[in-house]
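Undergrad: Please see the structure below; I have some questions.
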Amino acid sequence: MSINDKPIGFFDSGVGGISVLKEAFKLLPKEDFLYYGDSKNAPYGTKKVEEVKALTFNATDFLMSKGIKALVVACNTATSVTINDLRENYDIPIIGIEPALKPAVELKKGGKIIIMATPMTLAEKKFANLMDLYKETEDIEPLPCPGLPELIEQGIVSGDVIYNYLKDKFSKYDNEKISSIVLGCTHYPFIEETLKEVTHNKACIIDGSFGTSRELKRQLKNSNMLTEENRVGKVTIFNSREDKDIIDLSYKLFNMK
């Protein structure tokens with residue numbers, strides 16, 4: 001098999017990275033994708049750094065054994081902790097994801113920018129460096145959201161539980177003064193509709209899925225690694241939990257409008 005026809009690997013701590021996979025498949029509909037969700041060990045956002053690194057390397061080795069031509073680390077926490085180490089150890093294009101703060105700043109709406117993310121993403125140096133770029137000019141507030149990925153891993157993406165969680169998190173803010181909400185975890189796009197409801201649709205909601213997918217396409221194109229086949233690509237999903245329910249949930253989220 002030529003490198004062009006090899007699949008693209010996607011990895012996340014659970015089902016969250018499927019939000020990025022959806023965007024990538026729209027952008028690259030002829031490509032085959034292999035997705036590995038580590039739901040057995042989710043969430044990563046509250047684990048120790050060394051544990052996240054070990055789990056990320058295990059997942060990458062699994063996907064490499066399947067013959068992938070590129071890897072998307074569709075997990076903010078794993079990206080912030082491990083991306084440099086991965087690039088040093090594997091000789092394929094590796095694309096990470098980080099909170100889409102730049103697009104939020106470029107909107108220039110003048111209000112508060114809230115960054116929802118896991119505690120570990122917000123604690124890492126990579127995030128501190130990102131904040132340093134804008135902290136002098138922007139009103140930016142990190143909002144740690146522990147427990148939210150776990151709910152989404154259970155397939156709870158709407159209803160009273162999610163509404164009440166978000167209502168509690170945003171109770172300290174004046175919705176009129178929020179310009180943008182940056183979704184700094186790939187699980188969060190699945191609760192976007194409820195987030196709009198809680199904030200009365202006042203803020204722009206931004207996630208990094210499109211930017212990451214566009215970067216994937218750019219790197220593959222520049223390396224002449226895009227498939228040359230004129231066909232519809234396919235998506236195959238694996239999960240460390242190895243039970244039918246999590247695979248069914250994964251495909252359900254992938255097909256969610």
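Positions of Cβ are set from backbone N, Cα and C atoms, glycine also.
These came from Swiss-Prot, pasted as-is:
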ACT_SITE  Cys75  active site, proton donor/acceptor
ACT_SITE  Cys185  active site, proton donor/acceptor
BINDING   Asp12, Ser13, Tyr44, Gly45, Asn76, Thr77, Thr186, His187  substrate binding site
Undergrad: Under a three-state reduction of DSSP output, how is Cys185 (active site, proton donor/acceptor) classified: helix, strand, or coil?
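TA: Its secondary structure by DSSP: coil.
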Undergrad: With the substrate site defined by Asp12, Ser13, Tyr44, Gly45, Asn76, Thr77, Thr186, His187, which remaining residues of that chain have Cβ atoms positioned within 8 Å of the Cβ centroid?
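TA: Apart from the listed residues, the neighbours are Gly14, Gly16, Gly17, Ala42, Pro43, Cys75, Ala78, Thr118, Thr121, Pro149, Cys185.
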Undergrad: Please find, for Asp12, Ser13, Tyr44, Gly45, Asn76, Thr77, Thr186, His187 as listed binding substrate, the greatest distance between any two Cα atoms, in Å.
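TA: Pairwise Cα check on Asp12, Ser13, Tyr44, Gly45, Asn76, Thr77, Thr186, His187 gives a maximum of 12 Å.
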Undergrad: Give the number of CB atoms, excluding that of Tyr44 (substrate binding site) itself, located within 10 Å of its CB.
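TA: Other Cβ atoms within 10 Å of Tyr44 (substrate binding site): 27.
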Undergrad: When the number of other CB atoms within 10 A of each residue's CB is tallied over all shown chains, which of the active-site residues Cys75, Cys185 has the maximum?
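TA: Most Cβ neighbours within 10 Å: Cys75.
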Undergrad: Relative to the Cβ position of Ser13 (substrate binding site), how many further Cβ atoms are located within 10 Å?
TA: 32
